[in-house]
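According to TrEMBL, the protein carries these features:
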type	residues	note
TRANSMEM	A:38-62	transmembrane segment
TRANSMEM	A:112-131	transmembrane segment
TRANSMEM	A:143-171	transmembrane segment
TRANSMEM	A:183-209	transmembrane segment
TRANSMEM	A:221-244	transmembrane segment
DOMAIN	A:221-416	domain 'ABC transmembrane type-1'
TRANSMEM	A:256-280	transmembrane segment
TRANSMEM	A:292-309	transmembrane segment
TRANSMEM	A:349-374	transmembrane segment
TRANSMEM	A:394-413	transmembrane segment
Amino acid sequence: MDNKDIFYVREQMLPEQAPPATQSGIVKWMRDNLFSSWFNSLLTLVAIYFVIKIVTGAFPWFANGVWVSNSLAECREILQGKTGGCFAVLTERWHQLLFGFKYPDDQYWRPTLAFILLFVAVSPVLFIALPRKMLIFTGLYPFLAFWLIWGGTILIPVLVLVGFIVGYIIFTRLEAQSFAMAALGGIIGAAVIWALSGFVTSAASGVLALEAVPSRDMGGFMLNMILGVVCVSLSLPIGILLALGRQSSMPIIKWICVVFIEFIRGVPLITLLFVANVVLAYFLPPGTNFDLILRVIIMITMFSSAYIAEVIRGGLAALPTGQYEAADSLGLDYTQATRLIIMPQALKISIPGIVNVAVGLFKDTTLVSVISMFDLVGMIRGPILASTEWNGVYWELWLFAVFLFFVICYGISQYSQWLERQLHRGHH
Amino acid sequence: MKKSVFLGALTVAGLAAGAAAAGTIDDVKARGKLNCGVTTGLVGFAAPDANGEWGGFDVGVCRAVAAAVLGDPNAVEFVPTTGKTRFTALASGEIDMLARNTTWTFSRDVDLKFEFVGVNYYDGQGFMVPKELGVSSAKELDGATVCIQTGTTTELNLADFFRANNISYEPVPIETNAEAQPLYLEGACDVYTTDASGLAATRAAFENPGDHVLLPEIISKEPLGPLVRHGDNEWGDVVRWTLNALIAAEELGVTSANIADLSASAGDNPEVNRLLGTEGNLGEMIGLDADWAQKAISAGGNYGELFEKNIGENTPVGLARGLNGQWTDGGLLYSPPFR
């Protein structure tokens, strides 16, 4: 090759140089994101101004906070006119905020243990990677949690569980002959066991008995958790059944589901709660005490299952008809097709909607404070703000409630996003 | 399972229907506990403390009745009620009596079919305004925004007062007293109106109580008292005379300090003797033990002691006796004679 016309040839690579200061690191990031035009720069400056205002305003309130005192008046004495939160209300009344004011304080370990075990019980449902054997514990958990929280003899939950098992065994034995007969047989079998167990438990009420705590003594954040967890886990299966029922070709089932869903969705939750608390008491004879928590659980479950049914129906409608036809062409019957082909896809589509309903439902449990139940909000609005010591403390208490609810709801939301990524089957 | 529980509950309900036909007093004795409706929380009148024990002026009435009927001031199941649930709770039999600063009115007594057994606190609706507003009379409040609790008589009184004086106002509806305080302090409303006792308690909790004034006008009569259901007169008598016993005890000088001595044997004052059961058979007439009133008074002291301990001038609520003094001191408390 003849190179003599070329005056200069670089024979070595230049070492890499750092990019210009304006095109790298924090400076570039700020130029791109905060000061990309004069208008954005202006907005950034305004935002910085407000952030500084809020932080400098709120910081002394937290930093000067009083954590030990017996009343608001004492807090004000300690602060001597300085800005500062009176967090002593939290240190003095934390147990009332978490467990209500009547749960016996030497028994707090029971709901706490139930709360910890809740994570063990739900984790195999939430994370498919965990061993499937853990599902046995999940099945046992409701009975264990009932025993821990309400107390009494362990025979009650055990016999209820036995009733379920007997019913299930009868159902599987008869299922081959007829589904309806099997279901009826299972229900009768379970009912017989429960009727008999009434005699057993009243005779042997001391077997492995924890101190019994009546429902009206439940309160605080524990009550929100009980209502939220029970109602979400009950309303999901009921919602699936309702959604399938609404799509059914059998007219009576279809119309029952349609009327139920449309009626419940047309009524505000607070009305249903008033019905549970007030109107049912008129229908039942005087002196009857039909457990208030149970009444509320039934009403909230009905409410949220109607919403979940509509969310899942949306998922069912989004499936291409080809999926139904493919299932039919494989020779699967209705149950198999629904279980193996339709539901897994429909539920995946419905995840954001279901989580939305679940988060909303969990926050709606605070509405029970209106029917004089002392959940977290009820505790704050009622007893604590009405005590002579803490009358007038607002921010500290409400921020605590906000914090608790945010932790739970943000956790649920993060999980659902993770699950969506896990179940993603597209190729983008 | 839900279904079976529901059916089970219906069965139990059917069985219980027979039992419920007996009088309330027999129900209470059989149960061993008095179900007493109270507010979900009002400073000085009813609120649970840090240990979950209920205390307060209305709570004292519940405890006195429990002591009179069951002999134990702690044999009370306190059922918290809101302004909206209180009457249904009583009418449906969920509670035996309601002691929840409830105003005795014609329609509540006659139309809602309740029996007000007396008055344990004579209240009246007042106004609180910030001092800097420079208002000295409620009649100068033309065009003011007013914080007011919904579902109470105060709402109706306010409308009546402003209409009668031909001035206008802007209502800011609120649910509880606890919500009213921050709203009022933040200036969401110029005026806060509720029962004068509630205003005093609210103002006492402010950081600077001196910056707020209570206006001189009291625009309504609010006789607050315990109530029971219509139609069970034996039970109504028990609650009425327990309250009267507390009032009479103060008039007769019977206190929790000297009650043990006075009831040990019959003394010089025949009315004290009849009240405490050392003479006569009043207890038998009302269907209780002879020492029923003695137990009721021992529960928390006589009316004056209950007042001083919960809402009196030495408490944060700081209410003066005023109308709630004995008739001998110019107040309105006047118990019929124990004879």
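Using the three backbone atoms N, Cα and C, a Cβ is placed for every residue, glycine included.
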Chain residues outside the transmembrane segment (A:349-374) and at least six past its termini with a C-beta under 8 angstroms from it: 100-101, 219-220, 223-224, 227-228, 231-232, 235-236, 269-270, 273-274, 276-278, 292-293, 296, 300, 303-304, 307-308, 311-312, 314-315, 318-319, 381-383, 405, 408-409, 412-413, 416, 419-420, 423
Range from A:112-131, A:183-209, A:221-244, A:292-309 with most C-beta pairs under 8 A to the transmembrane segment (A:394-413): A:221-244
Sequence-remote partners of the transmembrane segment (A:292-309) [C-beta within less than 8 Å, at least six residues beyond its ends]: 215-216, 218, 223, 226-227, 230-232, 234-236, 238-240, 242-243, 246, 257, 260-261, 264-265, 269, 272-273, 275-277, 280, 354, 357-358, 361, 364-365, 368, 371, 373
Remote residues contacting the transmembrane segment (A:183-209) - C-beta distance under 8 A, at least 6 residues beyond either end: 151-156, 159-160, 162-164, 166-171, 173-174
Same-chain residue ranges lying at least 6 outside the transmembrane segment (A:112-131) that approach it to Cβ under 8 Å: 137-138, 141, 144-145, 148-149, 222, 225, 229, 415, 419, 422
Distal contacts, the transmembrane segment (A:221-244) - CB-CB under 8 A, six or more residues away: 97-100, 103, 111, 115, 118, 149, 257, 260-261, 293, 296-297, 300-301, 304-313, 316, 338, 343, 347, 354, 358, 361-362, 365-366, 368, 373-376, 404-405, 408
